[in-house]
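Participant: Structure below; questions to follow.
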Amino acid sequence: MPLNVSFTNRNYDLDYDSVQPYFYCDEEENFYQQQQQSELQPPAPSEDIWKKFELLPTPPLSPSRRSGLCSPSYVAVTPFSPRGDNDGGGGSFSTADQLEMVTELLGGDMVNQSFICDPDDETFIKNIIIQDCMWSGFSAAAKLVSEKLASYQAARKDSSSPNPARGHSVCSTSSLYLQDLSAAASECIDPSVVFPYPLNDSSSPKSCASPDSSAFSPSSDSLLSSTESSPQASPEPLVLHEETPPTTSSDSEEEQEDEEEIDVVSVEKRQAPSKRSESGSPSAGGHSKPPHSPLVLKRCHVSTHQHNYAAPPSTRKDYPAAKRVKLDSVRVLRQISNNRKCTSPRSSDTEENDKRRTHNVLERQRRNELKRSFFALRDQIPELENNEKAPKVVILKKATAYILSVQGEEQKLTSEKDLLRKRREQLKHKLEQLRNSCA
């Protein structure tokens, strides 16, 4: 497809003037002059931090591989013309040449933003401010691009033709160019992966579009809105240039599908809590289903009681067989209940410590009372009254023998008492008879 392009004859040695703001020279401002003046005073911590993250900007593009093409900063692009049109000079270019020229024109992020955004608009200033601090030299590059953009628009205004029939013919003959350009642009990297922040925050319809939707898409609507918002743009009819190829319905549908997919994902993520809250609040007549909580595995604390074999044998208590079986069953049931309760290790440890402390206090009280009872029983036995080291078994045996002897003496005394009562009754009856005989 032919393209009418007017080139400015310049030497490649002079291209350094156009990209000079991208480099740092030794004559520029030294931010650490205070440190050079006084070596004893160290720099501030903030200066060290910014010095560590100071990076050079992306180097400029290489010169064109074609000898006839010069730097994209000095290319004035004219509208398309079909083959055989004599209105503009220049020859015809192949698809590879056209893609190379478009790549040079749309190669950098700064140039893309300057094509879409007006350099005098507040959104372009916000784009400069929103960039990270490590992108040094950004403002100088933006200034250079804005100046070159003014020259582009002036050259385009002078070289464009107001013939509407020619614009219609350009629209009809540029479909093949659009297919080649869309095929080449499909291999581009999504700028949202590199820079996830939006280009602007304004909601005006004439502002810049987001980088993932229209910064790299060959859409004529976004470029038309940017040219209308720019004060330097001319009120000429829509004429397609090299940097604004026409769009077809298939491309617009693909872009719309991409935007809809992104919107669906974001809406699904944002509306998930609201849907969950709506499902959590059922109607008044229905039964509410509790929300499904994630499964959390918790460790169960198993209480293990070890016997203290170093304790003296005197502290043990001989329980009866029935009582011992009952206590063992109760202990087993407690262990089973403790195993069923799966709580956090810290809470289970604290509960076990409290239970063990309470159990120790009660056990100590019980042992003290038992010891006092044994001491009292020992004092009642005449044989062991003064024996403080008498074992519990001897105390129990002597106490049993003493009780049996006391019971025998009790029976003897009871029988003697009965005999004495009977004799008293007899003596009393005899006394009554003597009184009656004397009277």
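These residue numbers are counts, starting from 1, taken along the chain as shown.
Glycine is no exception: its Cβ is also placed from the backbone N, Cα and C atoms.
From Swiss-Prot, here are the annotated features:
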- SER6: phosphoserine (MOD_RES)
- THR58: O-linked glycosylation site (CARBOHYD)
- SER71: phosphoserine (MOD_RES)
- SER81: phosphoserine (MOD_RES)
- 100-108: motif '9aaTAD' (MOTIF)
- LYS143: N6-acetyllysine (MOD_RES)
- SER151: phosphoserine (MOD_RES)
- SER314: phosphoserine (MOD_RES)
- THR315: phosphothreonine (MOD_RES)
- LYS323: N6-acetyllysine (MOD_RES)
- SER329: phosphoserine (MOD_RES)
- SER344: phosphoserine (MOD_RES)
- SER347: phosphoserine (MOD_RES)
- 354-406: domain 'bHLH' (DOMAIN)
- LYS371: N6-acetyllysine (MOD_RES)
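Describe the structural context of each listed feature in the structure shown, including burial, neighbouring residues and relevant distances.
Facilitator: Under DSSP, SER151 (phosphoserine) is assigned to a helix (H, G or I) in the three-state scheme.
SER347 (phosphoserine) falls within a helical segment according to DSSP.
Shown in sequence order, the list is empty: the chain has no residue 6+ apart in sequence with a C-beta less than 8 angstroms from the C-beta of LYS371 (N6-acetyllysine).
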Participant: Tally every other Cβ atom lying within 10 Å of the Cβ atom of SER151 (phosphoserine).
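Facilitator: Result for SER151 (phosphoserine): 12 other Cβ atoms within 10 Å.
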Participant: Compute the C-alpha separation of SER151 (phosphoserine) from SER347 (phosphoserine), stating it in Å without decimals.
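Facilitator: About 76 Å separates the two Cα atoms.
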